[in-house]
Structure formats: C-alpha cells, structure tokens
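The structure under discussion appears below in the form of structure tokens.
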Amino acid sequence: MGKHKNILNTLRAIALEHTTEQPDLALMARELGRVVHQDALALATRLASLRNRRHGLERWLLAERGRPPVSVLVLAWPPNHVTPVHDHAGLWGLEMTLVGALEVHSYQRDATTGDLRLRGRDWLGPGDGTWFEGDRHHAHRCRNLSRHETALSLHVYGGNLAEYFAYERAESTGQWSAPLPRRSALAGRLSG
Ligand SMILES: [Fe+2]
C-alpha cells in the first residue's frame, strides 16, 4: 500500500521540481515517464478507484502552486471519450498517459485566418507524453483509444487551466468557427 501511495507523491514531486518560468518539458516528460514505466502496476492499483467510477470525463487536482504557477492534474477518460479541439489559454503544458492509451491530434492555428492546420498525430501509451511551450496558437484534440476501458493521464500546466477555448469545424464548408470559451470543473483533490 505504501508504494502505491508514494507513486503519486513521486510524480507530483517531479512535476514541481521541474517547474520553472520556462521549464524543460522534454526533461520533465523523461523523468515522469521513467517512473510511470517502472511502476505501471503500482500506478494502476493506486488509481483503480478513478477507473471504476464511470462518471464521465473527470479532472482531479494533484497539486497546485503559485510561484512559478503550476497545476498538476489526473484525468479519467471514459471509453472512446474525445475532447473538442481545444487550446490551453497560452499556458505551457505536458500531458502523459498513465493507464491505457490516448490519441492526440495537434493543430496550429493561423493567427490571421483562424484556420487550424493538423500538425501531427500521436498515440500515447503509459509513460508517453506530449507537451507544448505556451504557444497561444497551439491546440489539440485527445481521445481514449479504448472502447471498453477508462484511461488515465497526468497533466502539468503552467497555471490554472480553468478556462480555455474549443474550436469546431463546419462540415459543409470545412471552416473553423470562432473559438468558444469553456470552463473546466474539478471532480476533487487527490491526496498522495
Ligand atoms: Fe489538452
């Protein structure tokens, strides 16, 4: 039990330790990924209750700090759940799969036309991450690749991502509409 409890503390400590005004996100991802790879079973056991809740997409706060600003979250993804294309309010961020597998489509938004261009597709298994460096024009869409299992992911953001923008594309014209503000609620706080 002790080990299962400690792994969240370890992930939180790594995220906070590597948070600066301009963090080295590749390094943070490598350090977090190493722990996730090493202790995948402990992690799945510790977080089993989040996978069994079946309450829809849930965001759990693991840590937050003011200076430099950072928030660390665990997200629970219902089977097949897909987000809208969304930005991160200009914050830097790192998103890493803990349990299961996520697909991420990354986009770059044209500052003049508002059009979004697909930049890449990634498939993230446990310990795999994607990150962005506080670019206002970066957006992405994430999906749980499983039809049956809840996936879990770790998110580290350079601030409190309470508000962001979602983007929609008209099927008839292929045009991206003006961004829509969204609010993200917390399901609760996770203790280490
Ligand atoms: Fe995101």
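Note that Cβ sites are derived from N, Cα and C of the backbone, with glycine treated the same way.
Model, not experiment: these values are computed from the prediction.
TrEMBL lists HIS86, HIS88, HIS140 with the feature Fe cation binding site. For the recorded site, HIS88 (Fe cation binding site), the DSSP three-state label reads coil.
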Helix, strand or coil at HIS140 (Fe cation binding site), per DSSP?
strand
For HIS88 (Fe cation binding site), just count the other CB atoms lying within 10 A of its CB, please.
22
When you average the Cβ positions of HIS86, HIS88, HIS140 for the Fe cation site, which other residues in that chain have a Cβ within 8 Å of that mean position?
THR83, VAL85, ASP87, GLY93, PHE132, HIS138, ALA139, ARG141, TYR164
Just to confirm: which same-chain residues, 6+ apart in sequence, have a Cβ under 8 Å from the Cβ of HIS86 (Fe cation binding site)?
ALA139, HIS140, ARG141, TYR164, PHE165, ALA166, TYR167, ARG182
